[in-house]
């Protein structure tokens, strides 16, 4: 029914056709709409009859009128009959297909309108409240006026009655350019409401237009989407607001707690200062009393000595005035002895007197404490430590990490974190993932030795400085363990080979003494081999072989199950780099591949990556790659060497050279 209704709708007024005219182009148009088109083409004071042509609003075909004007066009009786039957068959209601778009808009407005509507037909003053609004008449009626104006007979039975709504809602929005025309379409180009005449003869003639319902649906959907986003954003803001309020509360509580703590700590400092003041004051008083007591005793002794000396001085002076020799000699000896004794006794008192002990050396110096008090402030997290890679040391299974801190005074402890480094790309993810790190907590020194590490492996280390206020971490530092150290196993050496006392050098020795047979010993004629004393089953390892003038030798690796009576590389259990005079080959399972090193290596480096299945040979002095075996190792492997002339010396336990380390470097 909706599709049929759209076919019965006038393209100008967007209502069901009323008195439709059949145009020569086979389209239809309401008589009144056609008349409005002619009026819009008229100049001022020009009669409508002077217009003899107009364009079909549907196909733009030019319709030429006869002298009769619009009356000369045929009425589309068939279409009018279809419309009449359509209206009769339609069921009245808010979802009825007979409803016009205007009526649906009226219903929508009715639902939202709470204004008091008065009867527009009443002669009474004031008018009665309206009980119905006739959409067809565009008038609101009270019950009495409704019965008088809308008897239950045609054509009034076809009028649409709805709940009362204001007059402005009935009439709808009017066109700004054509005041008597209602807006019934939307100009997409200018983004504004227009009427049919605006599209036919106005400035919107060539603009893109759309039906109100289409634009309504689009804008409503857009508004709903924006509203949903706004509601979502408001919800997020409300959540944020709640967090901010909660944070403010926490700030208030924590600030109050810190203020109380500050008062408590300052009171404690004041208490300590007052206590120390009392203790030091007591010491001063005791020192003063002791010194004054001692000085008072010395003063009394001096006065007593002076009094005794004064009497003796008087007698001596009187004796000196005696001119009679006999009388003088009679008393002089006694007086002289007494003067000598008095002089000696006064001399004894002098060492006991210390005139410099006046408390001026009792100094009070609180400058250090004043500086500390002046520096009182919030405790902050310590500065990040710095890993000193140049001081760090490593073995094949340990690394000793050294670091420094310019803020050691505020550091309570350190925490060492480390993990295997697989490339620069994983540094950020590793730093953000606590599960990836091994952690050593509560370190008090500026160094720590980590044990049980994989040999020949690169690690990332970070050091965290910690105190009560928080912690800060150092920049990542890259350190690596050395390769697994090993020596030559004399029990495996061929009878015609001699192993040095330090088990690091092997040489051909025809005069070598007979050796007892062991399961590990190489036995074949010409297979003058010796094995290392270690079997490797994981990790990355690097060692070097010094070629001491030998021109016939083989260097490689072998499983424990490799036959001892065959040359290394002649079976599936061993891999070797061989030199036979000036011929160089790599050999595995009796398959030989020639290589041409230039210059001839004087030191060969071997890099074993057990986990990734590779055995690589290098010219160690010139950093030149010679060859790499790619193999899935299924058993532990042992370094193996064959010498036909001169000697070979091994250097083991080395770190993997940086130019051979394929992992990406830290910045």
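Even glycines carry a Cβ here, placed using N, Cα and C.
Tertiary proximity for the compositional bias 'Polar residues' (471-485) is limited to same-chain residues at least six positions away from its ends with a CB under 8 Å from its CB atoms, namely 381-387, 389, 392, 394-399, 401, 403, 415, 417, 421, 427, 431, 453-465, 534, 536, 539-543, 652-656, 661, 665-666. For 471-485, the entry in Swiss-Prot reads compositional bias 'Polar residues'.
Annotation comment: Swiss-Prot describes 482-659 as domain 'B30.2/SPRY', evidence class sequence analysis.
According to Swiss-Prot, the phosphoserine annotation covers 92 (among others).
Annotation comment: Swiss-Prot describes 96 (among others) as phosphoserine.
Sequence-distant neighbours of residue 511 (phosphoserine) (same chain, 6+ apart, CB under 8 A from its CB) do not exist here. According to Swiss-Prot, the feature phosphoserine maps to 511 (among others).
Summarising the annotation, Swiss-Prot assigns region 'Disordered' to 471-524.
Annotation comment: Swiss-Prot describes 10-60 (among others) as zinc finger. Summarised by DSSP class, the composition of the zinc finger (10-60) is 14 helix, 10 strand, 27 coil.
Counting residues of the zinc finger (116-165) by DSSP class, helix then strand then coil, yields 10 helix, 10 strand, 30 coil. What Swiss-Prot records for 116-165 (among others) is zinc finger.
Over the zinc finger (172-212) the predicted model carries a mean pLDDT of 81. Residues annotated as zinc finger in Swiss-Prot: 172-212 (among others).
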Problem - Residues in the region 'Disordered' (471-524) grouped by DSSP into helix, strand and remaining coil - result: 3 helix, 15 strand, 36 coil
